[in-house]
Amino acid sequence: MYNKLQYISQGKTIEEQLLNIRKALENGCQWIQMRFKDTHSDNVFTLAEAVKRMCQEYTATFIINDNVYLAKKINADGVHLGLNDMNIAEARTILGEAKIIGGTANTFEEVLQRTAENCNYIGLGPFQFTATKEKLSPVLGLEGYHLIIQQMKTKKNKIPIYAIGGIQLENVDDIMKTGIYGIAVSGLITQSENPFQLITQLNKKL
């Protein structure tokens, strides 16, 4: 099954991205989602090639946010697709059955939709306010996660659900009690002054 901790990369330049990704990898994170927006496609390709090599060095899973064709071109482990990105069926045709395709959801109905579309895991959020995303869906909180997980149980839906959006270390125990499978974090790791201690604690809690 998939690692329960996913780091979504941050950084406005290739150098910043690589620094942050290496920080996550060398301190124990085994799953990287590369997210590099608002830049030239050549920069995204250059970064993706470098991150792939880095993830191979640490035997970590490497997926790319949004860019199915790039994931195919460099043979990444998969992609993560938002609700307004390429549809999952089309991505599956391009990437094949063996690749990981994650999908975003904000409601139980969207979880069912993503499951029917045959994605491998769902990023469900946001948990709370986050500055990482400009257009934020309605915040779910612990109550929202608990409700959606209970609804999934009644439907016998076992797709892995990752909590995402503004998660802090002190939230993790309560989030996991809702029945969530794992967490995806960005700023929490990027901004950490002691990433080894943080990631070790996160991996223990998960």
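Cβ coordinates come from backbone N, Cα and C, glycine included.
As written in Swiss-Prot, here are the features:
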BINDING   Gln33, Met34, Arg35, Phe36, Lys37, Asn65, Thr104, Lys133  4-amino-2-methyl-5-(diphosphooxymethyl)pyrimidine binding site
BINDING   Asp66, Asp85  Mg(2+) binding site
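Here the features listed in Swiss-Prot are placed on the structure.
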{"residue": "Gln33", "record": "4-amino-2-methyl-5-(diphosphooxymethyl)pyrimidine binding site", "DSSP (3 states)": "strand"}
{"residue": "Asn65", "record": "4-amino-2-methyl-5-(diphosphooxymethyl)pyrimidine binding site", "DSSP (3 states)": "strand"}
{"residue": "Asp85", "record": "Mg(2+) binding site", "DSSP (3 states)": "coil"}
{"residue": "Thr104", "record": "4-amino-2-methyl-5-(diphosphooxymethyl)pyrimidine binding site", "DSSP (3 states)": "strand"}
> Between Arg35 (4-amino-2-methyl-5-(diphosphooxymethyl)pyrimidine binding site) and Asp66 (Mg(2+) binding site), how far is it from one CA atom to the other, in Å?
Replying inline: 8
> If you count Cβ atoms within 10 Å of the Cβ of Asp66 (Mg(2+) binding site), leaving out that atom itself, what do you get?
Replying inline: 19
> Ranking the binding-site residues Arg35, Lys37 by other Cβ atoms within 10 Å, which is at the bottom?
Replying inline: Lys37
> What is the separation, in Å, between the Cα atoms of Met34 (4-amino-2-methyl-5-(diphosphooxymethyl)pyrimidine binding site) and Asp66 (Mg(2+) binding site)?
Replying inline: 9
> When the number of other CB atoms within 10 A of each residue's CB is tallied over all shown chains, which of the binding-site residues Gln33, Asn65, Thr104 has the maximum?
Replying inline: Gln33
>> Return the residues near Asp85 (Mg(2+) binding site) by Cβ distance under 8 Å, restricted to its own chain and a separation of at least 6 in sequence.
In response: Asp66
> Which residues, sitting 6 or more apart from Phe36 (4-amino-2-methyl-5-(diphosphooxymethyl)pyrimidine binding site) on the same chain, put a CB under 8 Å from its CB?
Replying inline: Ser9, Gly11, Gln17, Asn43, Val44, Leu47, Asn65
> Within 10 Å of the Cβ of Met34 (4-amino-2-methyl-5-(diphosphooxymethyl)pyrimidine binding site), how many other Cβ atoms are there?
Replying inline: 27
